[in-house]
Amino acid sequence: QFLELCTPLTEEHPEVVPFLSGRHQKATPEFLSSAELRNVLSRCLGRVRARPNKVYVYINELCTLLKAHTLRRKLAPVPLPDVPTATSPSQLPHTDTPTPPTATTAASSSSSPSSSSSSPGGSKRQIRYLENLLRVYTGEIRRLQERELDLAELDSEDSPYLQESRLKRRMMRIFERLCQLKRCSSLTGRVIEQRIPYRGTRYPEVNRRIERFINRPEVFPDYTDILKVIQKASARHSLGLARRQMESMAQDAFREVGNRLQERRHLDLVYNFGSHLTDQYRPGTDPALVDPELAKRLRKNRTVALTRLDSVISHYAQLQDESEEEERGRKRAAR
């Protein structure tokens, strides 16, 4: 059903559906017959029917899940700590959403080491408790997003924005714990989780080190970071790169890596931005689509921004060179 629904929506890229079929064929028989896959497929079917313009996002989500359960890449069991990291509902700010009925019993059972050791995949009570807690947090976040704010609240240390941010961080911790209890991958299919390959230089050792560095969580490197990575690769593998050559490579790599990281973040924002209050937004309502003057001005501003970005990068690269030259001069004078 999912393939039949996606085929007419992906006619511009006919290779997508066969790729998804290949992922499906490589998955383990246990996963193909599991309730988890049926639930994910049901959710993706509903989302594609509701928002067909995001069909590639949901196909990517399903591909990521199938890849995590392929025959040659079956996930290893995750060792579980004794105590789950769930947050007690009593720490929530005031909300009209009822607390889950199994919270007390689940918390007491999950705090016992014997209960965790007797069920290596997590008991149904623990899982049900954390799922209920996620629903409570979801309701509270919706309530905070719907609140009207005044200027005084924006300066408050406990503003609705900060409360919402804290709740979302707690939800992420609960989600990771649920994935451990259910013994499944925590990948969600977001663009931000996709690995960025790098082949920008003719030295495989340098490429590997840069690729490993830029794919660290929450990394957005600057020129100096890239230069240090190249210097370490040159020293470690005895590449014999000259200083000017490494600086030139660092500038090119910094531009390429920065653009690709920025593009990945932008796509992730486009696919995931908003809340339930903005679900009715449609891209066709962009005023630039019906105002040629506005569209022309936006294109001009983008050209100016890219030009200024290049000038800033060149300026600071030159300052870096001058600073290093002065430092070497001082060392020679001291000697």
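Just so you know, glycine gets a Cβ as well, placed from its N, Cα and C.
Because TrEMBL annotations are produced automatically, they should be read as predictions rather than curated entries.
Per TrEMBL, the features are as follows:
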| type | residues | note |
| --- | --- | --- |
| DOMAIN | 2-75 | domain 'Daxx N-terminal Rassf1C-interacting' |
| REGION | 82-124 | region 'Disordered' |
| COMPBIAS | 85-96 | compositional bias 'Polar residues' |
| COMPBIAS | 102-120 | compositional bias 'Low complexity' |
| DOMAIN | 232-318 | domain 'Daxx histone-binding' |
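Shown for the domain 'Daxx histone-binding' (232-318): DSSP residue counts in helix, strand and coil, namely 71 helix, 0 strand, 16 coil. Residue counts for the domain 'Daxx N-terminal Rassf1C-interacting' (2-75) under DSSP (helix as H, G, I; strand as E, B; rest coil) come to 55 helix, 2 strand, 17 coil.
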